[in-house]
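*Asks:* Could you have a look at this structure, given as structure tokens, before my questions?
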Amino acid sequence: MSIQTDDFAAPPPKRILSGAPASPNEEAVERALRPKLLDEYVGQAKVREQLEIFISAARMRDEALDHVLLFGPPGLGKTTLSHIIAHELGVNLRQTSGPVLEKPKDLAALLTNLEKNDVLFIDEIHRLSPVVEEILYPALEDYKIDIMIGEGPAARSIKLDLQPFTLIGATTRAGMLTNPLRDRFGIVARLEFYSPEELASIVRRSAGLLKVPTDEKGGFEIARRSRGTPRIANRLLRRVRDYADVKGAGEITLDIAHRALVMLDVDPQGFDLMDRKLLEAVIHRFDGGPVGLDNIAASIGEERETIEDVIEPYLIQQGYLQRTPRGRIATLAAYKHLGVTPPAAQSGGDMFGAMRPE
């Protein structure tokens, strides 16, 4: 079994509480901490149970697993699951991303080199170009592709047979997938944010692999501030380890974890400066909302896509922000978190002020 990886095109953000990998070095550390079997995978119980059945059935029949679509916020384990699926099937994994596949020939080169029942993992699959997506359809349905040979009047199309394979597509934006592409996935799984208890198990496992002494309370303190995201939990664990080595005795205790996370500006709810800036902007500059995403982005100096994909989902999931047809609204929990008295409208009157368009 082999794993091959193409470099991803999009530069990742460097925010410590981002669910995206911060650097190639971090990706290497993540690979070392990544579970290799479903039995080692923590969380996503329903998805794990489904995959155990589907993978076992595919192995019993000696056929390719149905194509899999994994979607959800960044850092929840989509890439990890793709590696686990390939490992459980005992096949090779070829990994790439949507932006890398610029031309049909780029995808054709990958597909024609796959062996029987191999797994092709495409991250950011919603960013595939339409021309590349077109040649993917017959590959997914019939294991065939049409490619053009030559140019101009002499050009001709030839049909190539492919080995049966499994495509695993991952995306943070399932709504941006075209209907024809979405309909070709036989297995669709949404990954949810993790509970603090699940993240505490991940922190314990990672601390063991990193050989970092960590007591139960110290590990849980990291877990509960990790925004429900394993990648963030592992990142914070490494930063707290640094603090423990320099400012402590090398062991992560509750006190060490608390002091390190305060230094990193991560509060008990798992919010950082950017989260608080967003909530403060909605409350102080836009009277609590509703306010459009473009106005928020301009106000806090952040990209609209980063707010939508990285910052906003956790705030909404935790009940600090509401997304409405007229814009974003700060909830009573947001006012309380910032120590601000909510206006009378929030307490019982009309919550929705003048509309600010998206």
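Cβ atoms are placed via backbone N, Cα and C, with glycine included.
Here's the feature list from Swiss-Prot:
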type    : residues                                                                                 : note
BINDING : Leu33, Arg34, Gly75, Lys78, Thr79, Thr80, Glu141, Asp142, Tyr143, Arg184, Tyr194, Arg231 : ATP binding site
BINDING : Thr79                                                                                    : Mg(2+) binding site
BINDING : Arg304, Arg323, Arg328                                                                   : DNA binding site
REGION  : 1-24                                                                                     : region 'Disordered'
REGION  : 5-194                                                                                    : region 'Large ATPase domain (RuvB-L)'
REGION  : 195-265                                                                                  : region 'Small ATPAse domain (RuvB-S)'
REGION  : 268-358                                                                                  : region 'Head domain (RuvB-H)'
*Asks:* Helix, strand, coil: count each for the residues of the region 'Head domain (RuvB-H)' (268-358), based on DSSP.
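*Replies:* Counts, helix then strand then coil: 46 helix, 9 strand, 36 coil.
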*Asks:* Count up the helix, strand and coil residues in the region 'Small ATPAse domain (RuvB-S)' (195-265) according to DSSP, in that order.
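*Replies:* Tallying H, G and I as helix, E and B as strand, the rest coil: 52 helix, 2 strand, 17 coil.
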*Asks:* By Cβ count within 10 Å, point out the most packed of the binding-site residues listed: Arg304, Arg323, Arg328.
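*Replies:* Counting Cβ neighbours within 10 Å, the top one is Arg328.
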*Asks:* Compared by Cα position, which of the binding-site residues Arg304, Arg323, Arg328 is the closest one to Gly75 (ATP binding site)?
*Replies:* Arg304
*Asks:* Can you check which residues sit near Tyr143 (ATP binding site), meaning Cβ under 8 Å from its Cβ, same chain, 6 or more apart in sequence, and list them in order?
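*Replies:* Tyr143 (ATP binding site) has long-range Cβ partners Asp161, Leu162, Gln163, Pro164, Phe165.
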*Asks:* Between Arg328 (DNA binding site) and Tyr194 (ATP binding site), what is the CA-CA distance rounded to a whole number of Å?
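*Replies:* One finds 24 Å between the Cα atoms of these residues.
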*Asks:* Quick one: of the binding-site residues Leu33, Thr79, Glu141, which has its CA closest to the CA of Arg304 (DNA binding site)?
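*Replies:* Of all the candidates listed, Thr79 is nearest in space.
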*Asks:* Near Leu33 (ATP binding site), which residues of its chain come within a Cβ-Cβ distance under 8 Å, counting only those 6 or more away in sequence?
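*Replies:* Listed in sequence order: Arg205, Ser206, Leu209, Leu210, Asn234.
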*Asks:* Do me a favour and check the Cα-Cα span between Thr79 (ATP binding site) and Arg323 (DNA binding site); whole Å is fine.
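*Replies:* Roughly 28 Å, rounded to the nearest whole number.
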*Asks:* Roughly how many angstrom lie between the C-alpha atoms of Arg323 (DNA binding site) and Tyr194 (ATP binding site)?
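*Replies:* Arg323 (DNA binding site) to Tyr194 (ATP binding site), Cα-Cα distance: 21 Å.
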*Asks:* Using DSSP with the three-state reduction, classify Gly75 (ATP binding site) as helix, strand or coil.
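*Replies:* DSSP call for Gly75 (ATP binding site): coil, neither helix nor strand.
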*Asks:* Using a Cβ cut-off under 8 Å and a sequence separation of 6 or more, which residues in the same chain sit near Tyr194 (ATP binding site)?
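*Replies:* Set apart from Tyr194 (ATP binding site) by at least 6 residues yet with Cβ under 8 Å, we have Val42, Gly43, Gln44, Leu76, Ile202, Gly228, Thr229, Pro230.
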*Asks:* Sort out the sequence-distant neighbours of Glu141 (ATP binding site) for me: same chain, 6+ apart, CB within less than 8 Å of its CB, listed by position.
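*Replies:* Listed in sequence order: Arg184.
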*Asks:* Helix, strand or coil for Tyr194 (ATP binding site)? Use DSSP.
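*Replies:* For Tyr194 (ATP binding site) - judged by DSSP and reduced to three states - the answer is coil.
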